[in-house]
Structures are given as C-alpha cells and as structure tokens.
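Below is one structure, written out as structure tokens; comments come after it.
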Amino acid sequence: MSGAESYRHITVLLNEAVDALAVREDGVYVDGTFGRGGHSRLILSRLGDAGRLIVFDKDPQAIAVAEELARSDKRVGVVHGGFASFQTALDGLGIGKVDGALFDLGISSPQIDDGSRGFSFRFDAPLDMRMDTTRGMSAAEWIAVASEQDLHEVIKNYGEERFSRRIARAIVAQRAESPIDTTRKLAQIVAQNVRTRERGQDPATRTFQAVRIFINRELEEVGAVLPQVMCRLKEGGRLAVIAFHSLEDRIVKQFVKKYSQHAPLPRWAAVREADLPELPLKIVGRALKPGEAEIAANPRARSAVLRVAERTAGPIPEQSQRKTSEWQ
C-alpha cells in the first residue's frame, strides 16, 4: 500500500456537493481540490463520454492518485498546483467556459493522519505543513525567521487565538536557544502559554491552524479563485464550495452575497431594485451542513458548510475581471 493510499479519507458532503453541480453528461467541470478523488469519481459517474473533468491539487500524493485516474479515464485532466491559477490552467488546457466548479477547502484527512507531513500535533514530526512539499517555505523555516509581531498577527488573525502575543513571545525566546523544528516542540510551547483550555480541543489547535493557513496562503487563494470561477462559468453553471472554518466560509459567503444581492437602496432613490441590472450570481438554496449520521461516521465533517451559487446572464463588473489578473 502506497503512502498516498495508507490513510483513510471520507469525502464530506459527497452527494450533496455533486448534486449541487447539476452535472450534465456533456459538461466541463472542475474539482479544485482533488484530494483522494471522492467528489471527482462521483462527478465522472454522471458524465458521459463527451464530458470533461479538470482536477487541481497542490499535494504530490494527491496528484499521484489523480494521474493514475487520468491514465484510465481520458476525460480527466490534471493540474499540479493551487486553484488560484484557475484561469491560466484552463487556458493551457484549451478550455474556455465551464459548467461547474467544486472546492472542498482546507486540509484533508490523509494530510492530517500522515504524521510525516507535520500538520498535526498528535505526532512528533518535522514541522513542515506545506500542502505542496516540492516548493515554498516550511513552517519551521518561517518560524525561524518571522518577527514576533508577524508571529502574533498570523496566530491571532488566522487562528483566532487570544493568547497569540504570549505564544509569539515564547516562540522567539525558545528559538534563541534551539530551533523549533518539530510539531512536538511547537505544541509544547503553545501548551505552556495558553492559560485556558477549550473543551474537546488541544491548546495547540488554533496555532497549528494559523500557521498552516499562512504557509499555504489558503485564504488568499480562496479569495483569488472565486472571481475567476465566476468569469468562467457558463450561464446556469454552478459553483459549490465546502468550507470547514469561519474564516474561509466568511470569504465565500461575502463573495456570493456581493454578486447576488444588490445593496439596499436609500428611500429617496428614484429607481426600484427590480429595475436594477441583473447580478452575475444567484444563491442556490441554503447553506448545507452534514447530518447527524454523517457526523457520527466522520466527526471531522462536523464543521463543514456547503454553499452553492449559479451563474446568471448578468454582466460581471469590470473591477472583478481585473482582479483575476493578479493571480495569472
């Protein structure tokens, strides 16, 4: 059994997310977070011979699984890289508009459960945390050079950790004596500086989340890909996003709201909302969360939220089209 296959992964909101795409047999779809291919395989089962599925992932282990799938199914195209390169990657594959795009954000179970990746404080391993281990600075490398203020801001903003300043100060003091290069070392520093304990949560949880999000630019990539998808969706095409914490869900929620709902008009306005131009997105249903049965089978699904939007015939504001070029 390969390293890519040794860690069990249960796809969250599998049917709900793929149902939300309303897959057409001859459609072109994007799975922006392939992982181990749970969503992708269900999409493929609903595509006909003329359909196409493009999958993205940063993780070399996930890409190995995706490439194996692509060898046996010519409808699949594989992109090794972050989904922030959405439009550039599609251009390179000769693809214009798409019928739907799905994103299952955050970290996957295989990444958490593979102790060697350095994502989890449950294992003593090198402090890496990169989703793409072939490029970029590891968590240990960043912690070794970051200023106390930068450490504080990352832990506070991305981990919503109220003891961020104490933790940052302790990290700087400890690294002056010896490198903080393993998950256990970082977890111990955090535990010594978090004064209160949250029920059912390790004191290192928020700090590890914060460093991981920063190292992988997770929130920036979410903010970057959404306008690109909006520009590439055909009329009637669907965007489905599964988020696992409030920071990324807030980005998705605010984006969809901005492009699906007009700002309230002042009472003195001489125009009615019904007379305003159609906006480029419309919200499809309510945000969905896993049911009790799914949470019982997979406790990691507890915090998942699925939001869905559909492309309308409404024009896309020029400023949104310009923003996409920043990541091309």
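Note: Cβ is positioned from N, Cα and C throughout, glycine not excepted.
Note that the structure is a prediction, hence the values are computed from the model and not measured.
As recorded in Swiss-Prot, the features of this protein are as follows:
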- G37, G38, H39, D57, F83, D104, Q111: S-adenosyl-L-methionine binding site (BINDING)
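What Swiss-Prot annotates, mapped onto the structure for a quick look.
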{"residue": "G37", "record": "S-adenosyl-L-methionine binding site", "DSSP class": "coil"}
{"residue": "D57", "record": "S-adenosyl-L-methionine binding site", "DSSP class": "strand"}
{"residue": "F83", "record": "S-adenosyl-L-methionine binding site", "DSSP class": "helix"}
{"residue": "D104", "record": "S-adenosyl-L-methionine binding site", "DSSP class": "strand"}
{"residue": "Q111", "record": "S-adenosyl-L-methionine binding site", "DSSP class": "helix"}
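Counting other Cβ atoms within 10 Å of each Cβ, the lowest count among the binding-site residues D57, D104 belongs to D104. One residue stands out among the binding-site residues G37, G38, H39, F83 for having the most other Cβ atoms within 10 Å of its Cβ: H39. A C-beta separation below 8 Å, combined with a sequence spacing of at least six in one chain, links Q111 (S-adenosyl-L-methionine binding site) to D59, R117, F119, M131.
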